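Now, the feature entries from TrEMBL:
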type     : residues : note
DOMAIN   : 32-307   : domain 'Ribophorin II N-terminal'
DOMAIN   : 326-427  : domain 'Ribophorin II second'
DOMAIN   : 436-559  : domain 'Ribophorin II third'
DOMAIN   : 592-692  : domain 'Ribophorin II C-terminal'
SIGNAL   : 1-25     : signal peptide
TRANSMEM : 603-623  : transmembrane segment
TRANSMEM : 635-659  : transmembrane segment
TRANSMEM : 665-682  : transmembrane segment
Amino acid sequence: MARSLPGFLAQIVAVALICCSFAAAASIFQPISDSHRSAALEIFDRSFGSLEETYEALRTFDVLGLERKPDVGTTACQSVSQTLASSSSNLKDIFYALKVNGVLKCELDAESVEGTVSTFQTAVGSASSLLEFYHSIGGLVLVKDQALKGDLFLADAEGAFRSIKALSQSDGRWRYSSSNPESSTHAAGLALEALAGVISLSSSEIDQSLIGTTKNDILKLFEQAEKYDDGTVYFDEEEIDAHESQGPLTSTWSVVRGITSFAAVTSGNLNLPGEKVLGLAKFFLGVGIPGGAKDFFNQVDSLACLESNRQVLSWNDSLCLIAIPLILSLPATVNSLTRKDALKVKVSTVLGSDAPPLMVKLVRAKDTPAIESQELKFDSENKVHVLETLKKSVDVGKYIFVFEIVFHDPEHKKVYAVESKAEVPIFLTGAVKVGNAEIAVLDSDLGSTETQKNLDFAGENLVSLSANHLQKLRLRFQLTTPLGHPFKPHQAILKLTHGSKVDHIFVVGSTGKQFEIILDFLGLVEKFYYLSGKYEIQLTVGDAVMENSFFKVIGHLDLDLPEAPEKAPRPPVQPVDAYSRFGPKAEIAHIFRAPEKRPPQELSLTFLGLTVLPLLGFIIGLLRLGVNLKNFPSAAAPALFAALFHLGIGAVLLLYVLFWLKLDLFTTLKILGFLGVFLLFVGHRTLSHLASTTSKVKSA
C-alpha cells in the first residue's frame, strides 16, 4: 500500500494538470443537483438574524424544492407582523417583511397594511436616493402582488420613472444618488428592478421613449460585462465611495433580476442575444457551490430567474421574458474503451428540469478525423442522449468533442438559448501495452553490454544488478495503445533510492517509439554524494488516459562509487519520520520478582487462632462482669445518640475488617477521621446524659 500510494498521487496530479490545460479550450457546466440541496441544508441550518436572511433562506428552499422547518414559519410571521406594526421600522425592513410574507402567506392586520402602504407612498414622493426608490416601490409592488390592498397605483408614476432614470449614466450603469458621482453595475440592476415596479404600478402607459432609452441602457450595460473564452459572461465593479464593494456574484445577480423584471412588464424584445443569457447561466453554474449564505442565495435566485418565462412580474420571484438557457452536460467525461462505455449527454435547464424535445449530434472531435458526425439516441427513461459505441479507429487520448443541439420544433429557438457548437473535453481511456522492456549495465569506455535483463512489469520478479562509477545504467521500454500506436504518457520517471533514504529522480525521455534513459555514473558521482551501496530502482509511468498506470519497484542496484573527497557535497539531512517520533512506543515488559515461599498452612491457622484468643477473652470477661443495658437511656434523644454511638463503634470495627481485606492505609485513615469526629460528638452527648442522670440519683 505504501508503494502504490505515491503512484496513485502521481496519477491524480497528472489528471489535474491535463484538466487545467483543457480549461482554456473547453469547460463543463453542470446544472443544479442534489449536491446543492445538501449544501443548502447545511448553510441555512441556523437561526436567521434578520428578515433579509430569512427571506433568502426561504426563497432558496422554495427554488430547490426543500422542506423548511415547521418553526421557521411561526417565528418569521411574528417578526413580519411586528415589523409592519412598528412605526420605527425602516423601509428596508418593511420591504423584506413583505417578501417573507409573500412566501409564508402570514395573517396580517389590515391597519398595519394601510400604514405600510402610506409609508411607502410617502417615501416615493420624498425619495432622493436609488435605495429609497427601490425599497418603497418594491414594497408597493409586493402589496399589490399579494392582494393585500386593491387598486394600488402610483400617483405620479412617470415622474418617479424620470427621477430614477435621472441617475443613469451613459455606459448603462447607475448612480446610487445624485450627490454621488460614482456609477455602479449593482445599482443598475436595482434601478431596472425599480423601474419595472413603477411600470406595474402605473395607472396609465409610461412614455415609450423612456422605455426605449432604458432598453438601450441595458444593451450598453452588457458592453461593460466581463467575458471568458468559454462564453461565460459576468459583471464586476470597483469599490464605490460610501458603499461596500460588490463582488461579481452580487453584481451579476442584481443585473439578472433587473433585466428579467424589466422585460416582464414591457412589450417588445430587449434584443439581448441568447449567447449573453447563456453566458450568465454559465457564470453562475461555473461558481460551483458557494460557501456563504448570501452568495448561495444570489446564485440560486439568479438561476431561477433565468429559467422562468412568464408574463407576470413578481418581486418575490423574478420572472422574465428573455431566452431560457439550456445546459449541455455529461454525467461522465471519462469513458473506458476497455469496458466500451457509452457516451451519455444530458440537456436540461439550469435548475435541472427537462429540456423540450430535441436532438443532440456529435459533430466532430477537434484535431482528429477519426470521429465523424453521429446522432445520439435519446433514452427516454433516463432523460439522456446516448452514443453506444465509437468507431474502432478511435484510440485512447484527450479529445474535445463538438456537440450540436437541434430542436424538433423550430419555434423553440425563440424561447431557449443554446450554444451553437458546444465543446466538451472527453477522456477516452484504455490499457496501454508495455513491451520490449530491458535494463542493462554498460561499460563506459566500449559501450558494450556487461549485464542485460528483461523486465516483466506484470510479474513480481525483481532484477539484481551491480555497477561501479566507470559504468552506465540503461533502461528501455516501449508503450503502445490498444490500436498499436506509440503512446507518450504524461510522466515516465525513474527513481533510485539509497539505503539512507536519499532519492535520485530522472525523467525518462522518448526517442521515436522507444523510451530510453542512460545514467552515466562517472558524471553523477557528486549528485549521488559518493554514496556506495544498494539502491532500489523504481519506475513510474502514468497518464490520465492510461488505465494501467503503474508505480513499480523493478529491482536493486549495488553501486560501487569512489571515496568522497574532503570538500565533496554531503547528502541532505533526511526528515525525521513523524510516526516513529510521535507514534506509540514499544511496550515495556516488566518481570516481577518471584514471590517468597509461603509458610505451611498449619502454621498460618495456628497464628490465626492465637490472634482471635484475645477477642474471646474480652467477650468472656464482659460476661463475667455482668454487663447489661440497664443504664441505656430511655428518653428519645439520648437513646438516639447512644444508639448512634454504638453503631459508630461497630463501623470502626467493620472498617478494620475492610482494611484487612481490601482497603489501603490512606483510604482507611480518611474514613477513620470522619468516624472519629462523629463518635466524639455522639459519645460526648451520651456520656453527658449518663453523668447528669447519675448526679440526679445521688442528690436524691
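Glycine too: its Cβ is placed from the backbone N, Cα and C atoms.
Since the structure is predicted, the reported quantities are computational estimates derived from the model, not experimental observations.
Over the domain 'Ribophorin II N-terminal' (32-307), the average per-residue pLDDT in this prediction is 90.
Outside the transmembrane segment (665-682), and at least 6 residues removed from its termini, the chain residues within Cβ reach (under 8 Å) are 641-642, 644-645, 648-649, 651-652, 655, 658-659.
Per DSSP, the domain 'Ribophorin II C-terminal' (592-692) is made up of 79 helix, 0 strand, 22 coil. In the domain 'Ribophorin II third' (436-559), helix, strand and coil residues by DSSP number 4 helix, 75 strand, 45 coil. In the domain 'Ribophorin II second' (326-427), the DSSP tally of helix, strand and coil residues is 5 helix, 52 strand, 45 coil.
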